[in-house]
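Heads up, the thing below is written out as structure tokens.
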Amino acid sequence: MSKPPVKGPSKPFRAPMRITVPSRSDAFLRKFTELIGGPLGKHSNPGRINPGFFTIERVLVLLTVVAALLAVASKNACRLNGWGGTNSYAWACYSDWTALFGARGFAENAFAPFATGAEFEYPVLMSVVASVTAALIPAGEFNRALAFFDLNFLLVVGLWIMVVVVTARTAGRRPWDAAMVALAPGIILASSINWDMWAVAFLALGMLAFSREKTFLAGVLIGLGTAMKVFPLLFFGAVIVLAIRSGRYRPLVVSVAGAALSWLAVNLPMAIMNFEAWKHFFTFTEDRGAGLSSFWHIYNVTASVVPGMPELGASVINSLAMGLFVVSCTGIAYLGLKAPTAPRLSQLVFLIVASFILFNKVYSPQFVVWLVPLVALAWPKWKDFLVWQLFEVLHFWAIWMYLYASSADIKASNTFPTSFYVFAVLGHMIATGYLMYKVSRSMFEPDVDPVRRVGQLDPQAGAFAGAADKFVLGAKNMSHDVAVIGAGPNGLAAALTMARAGLSVRLIERNSTIGGAARTVELGYPGAIHDVGSAVHPMSLLSPFFHEIGLREHVDFVVPQISFAHPLPDGRAGIAWRDLARTVEDLGADGPGYRRIVGPVVERMAGTADLLLHPLLRVPRQLGALSVFGLRAAQLMVPGLGTGELAAAMIAGCAAHTAGGGRGPAATGAGLFLAASAHSGGWPIPMGGSQAISDTLAAMFTQAGGRIELDSEVTDLAQLPEKTVLFNTSPEAMASIAGGVLPQKYRKVLTGTRRAPGSCLIHYVLNAPVPWRNQELADAGTVHLGGTAAQIGHEERRVRTDVSEAPYAIVSQPSRFDPSRAPAGKHVLWAYCHVPNGNPADLTTVMNRQLEAVAPGFIDTIEYSQAVTAPGLASQNPNLVGGDLSGGATDMRGMLIRPTLSADPWRTPAQGIYLASSSTPPGPSVHGMSGHLAAQSALLHEFGILP
């Protein structure tokens, strides 16, 4: 039974996405995997393949544990022999922890940093961490410094694991990039020098929170990180750039407020109770000279041996370092505001933090830990990453040898050459600068960005996701060559086609998410996601446009072995296996007739798809396919030449997708085409929902330089400076928006669009699989309910004017094939039936009865249901006028006159105005062809570009 809605999030749900596997997508890694038999990926795509225990995150954790064992092994010489003297340099196992334990009084007073007159050169939160860990070391006659090291190391390992998992969750479709963090040699060698991993963890958690639109929490975490180390504060530089670019300042204000509150909460008590101890960090930082391995130290080392070259003191270095950093940040802001597409948050954060490292007057070996997670998010290319890490390892070794040679009493012949140390420092700086160049370039060339190339926008954008550009340097009044209104599949296809032709394109969407009727959202049941419109996509594998752009390479489709099933009241069921021969065999006496009608179309499916997914008023390129398809459709229309009751019901169920119960060539042809497609590519279901298709198209569009503006409604053509505008809207909406430039006669045509019946869509969450009477139905991606062909035709004609009590219904059970759609142990079901256009009837009870008849006990499995009536569909998506999912009538007249009888029905009488929605040929379904063909028409007539 339907239960009250469970309160859930109101924001758009982030649908699961296809995982990118580096061993397949990264050319450098692929070479190595080929040495052991090819790319491994058994556990790489949860949802498609059940990974068992070894989920992505668990594998990453295991890798981190292995790396942590290597890290402790690298310090074992000091753990066994002590950290005293210069041997900790020679063995490259130095740690500040043990040095500070004795030198800053932790051995005697665990809370020494808070004592009167204390001089602890670190921020307050680091003082707290150091003191708490020191307090956990019991008194006694044992090596307490070693215990202090081990405890801090264990905490750092825990933080390291956390950072790896958080990075994986922040990386969107590229969770495996977190393996860079798990296996980074720089972290293995340097993570146990100091407490830097704490600040890294706070920054990583802050970025994850920001990506989930938990903006205040993100600020709180960044504030805590800043109370540990200063560098997390640089996160706000990236937020400032994105706020200026998008005009959305609330995320900046809210996150800064959270950071200010958490930083003050940590610092204010210390500042009040012991101001001198609190300010020591700041005075120490200001007064200290050039730190080892900084650019300034190298300068002074060089100046000490070059006559006449002055060495620089602390005050001069402070001014120069700050000046260069400000200049660098100004350059980064310029790049971020100049780039054709809004840069990704992690790109900006990496550039700012890397700049801070390069120009800061201190560079300690552990600072590499700051950058590793940011590199994994900003530039996840393994070859570049490993080369950079090689230079960091070289620097790590060089600095300890330099210190050993400078302080140890050793033979002159063993002295480490200073020139090699200088080379190592410059090498690490150049390698870091090279990564900065790569990231900067990718901001201007999205097609080289590893993250955007796999079909996603900015996984970390959070509140800035989908924001329209309000300010771009050098842009003249933000006008583009083309504007496209409506970011449904056809609008996305139109925009992508124009952008791929080299034009600047702006895609405008009134809602806060893209997709139109191909969206997937969480409704009232937490963890269950539902397709708000289309759910099963037979045309996605047949669309010439989708084939041209390689959609299937970017979207994971599950193609059920049973495309659809059709139960009859007497208990029989027609099962449309993808294998036509098996279908014919199962149909028994009806099989030969079904094969005679459907088989020839299946054999010529490519030609048939080309015929039907292009304008009808054109010379067909596939005359053979046309003749075969036309003959078989004609046979279906003649009583006595049919296929038997069961096979006829199967084809009638496919024809009823078009709504209206017509017996003419359009409905019959549509039914035959859909039935034949069931035995060709099948009826695929996208992993993660229909949103995966829309998101992929959007990512391709932005990679091509396009711009998407969400929450932007166009009500008058005068709002748009563009001279060419494509409308992925209803004809009625186009007449309203562009009425001032359209001739009155054409406006009348648009407002008089004939409408198909509406629909009532019902979303279910079940506590068990549907208990079908015929168990074969459990393996069907789609189930048609409605009885015989005659019964379906009768009820479909009835819904033109009246609500049916036994309507034809289409049912999809996506969680049967995609477990990510529902929480563990639950299932989602999607079902709809037709009603008179605009009729507000809620047919939940009727649908429950229909399903109970073929699945006894179904009602008892209902945990939650939500009906979306025909007016509700129109409210969600104004293109669905009166709940019409077809974009207008789908009889022969409606398919030919769509909206006018023309060889170029997308082009309007007004210059530069085009209709690109499913209200133009080839009509309904998610294939993108209406938008693609409209764009081709505009390219030809407005820009002289041949398709």
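Quick reminder: no glycine exception, Cβ is built from N, Cα and C everywhere.
Under the heading transmembrane segment, TrEMBL lists 52-73 (among others).
The transmembrane segment annotation in TrEMBL covers 122-140 (among others). When Cβ-Cβ distances below 8 Å are used as the criterion, the transmembrane segment (122-140) is approached by residues 100-101, 106, 110-114, 147-148, 151-152, 155, 195, 198, 224, 226-230, 266-267, 270, 278, 281 of the same chain, each at least six residues removed from its ends.
The transmembrane segment annotation in TrEMBL covers 146-168 (among others).
Taken from TrEMBL, the feature transmembrane segment applies to 180-210 (among others).
Long-range contacts of the transmembrane segment (216-244) within the same chain: residues 123-126, 129, 195-196, 198-199, 201-203, 205-207, 209-210, 251-252, 254-263, 266-267, 329, 332-333, 336-337, 342-343, 345, 348-349, 352-353, 356, 370, 461-462, 464, 467, 471, each at least 6 residues beyond the stretch ends and with a Cβ under 8 Å from a Cβ of the stretch. Here TrEMBL flags 216-244 (among others) as transmembrane segment.
Annotated transmembrane segment per TrEMBL: 251-272 (among others), in sequence order.
Remote same-chain residues near the transmembrane segment (316-337) are listed as 237-238, 240-242, 244-245, 286, 289-290, 296, 343, 348, 351-352, 355-356, 358-361, 440, 443-444, 471-473 (criterion: CB distance under 8 Å, separation of at least six residues from the stretch ends). According to TrEMBL, the transmembrane segment annotation covers 316-337 (among others).
Among the features that TrEMBL reports, transmembrane segment is placed at 349-379 (among others).
Annotation source TrEMBL lists transmembrane segment at 385-404 (among others).
The transmembrane segment annotation in TrEMBL covers 416-437 (among others). Note on the transmembrane segment (416-437): residues 293, 295, 297-298, 301-302, 350-351, 354-355, 357-358, 363, 371, 375, 379, 384, 387-388, 390-392, 394-395, 397-399, 401-402, 404-405 of its chain, located 6 or more positions outside it, place their CB under 8 angstroms from a CB of the stretch.
Through the fold, the transmembrane segment (180-210) approaches residues 60-61, 63-64, 67, 70-72, 74-75, 92, 94-97, 122, 125-126, 129-130, 149, 152-153, 156, 159-160, 162-164, 166-167, 169-170, 217-219, 221-222, 224-226, 228-229, 231-232, 235, 239, 251, 255, 345-346, 349, 364-370, 372-373, 375-377, 380, 382, 385, 389-390, 392-393, 396, 460, 462-463 of its own chain, all at least 6 residues removed from its boundaries and within a Cβ separation under 8 Å.
Among residues of the same chain six or more beyond the transmembrane segment (349-379), those with a C-beta under 8 A of the stretch's C-beta atoms are 163, 167, 170-171, 177-178, 180-181, 184, 186-187, 189-191, 193-194, 196-197, 199-200, 203-204, 207, 229, 231, 234-235, 237-238, 288-296, 314, 317-318, 321, 324-325, 328-329, 332, 335, 385, 388, 392, 395-396, 399, 425, 429, 432-433, 435-436, 438-440, 442, 450-451, 460.
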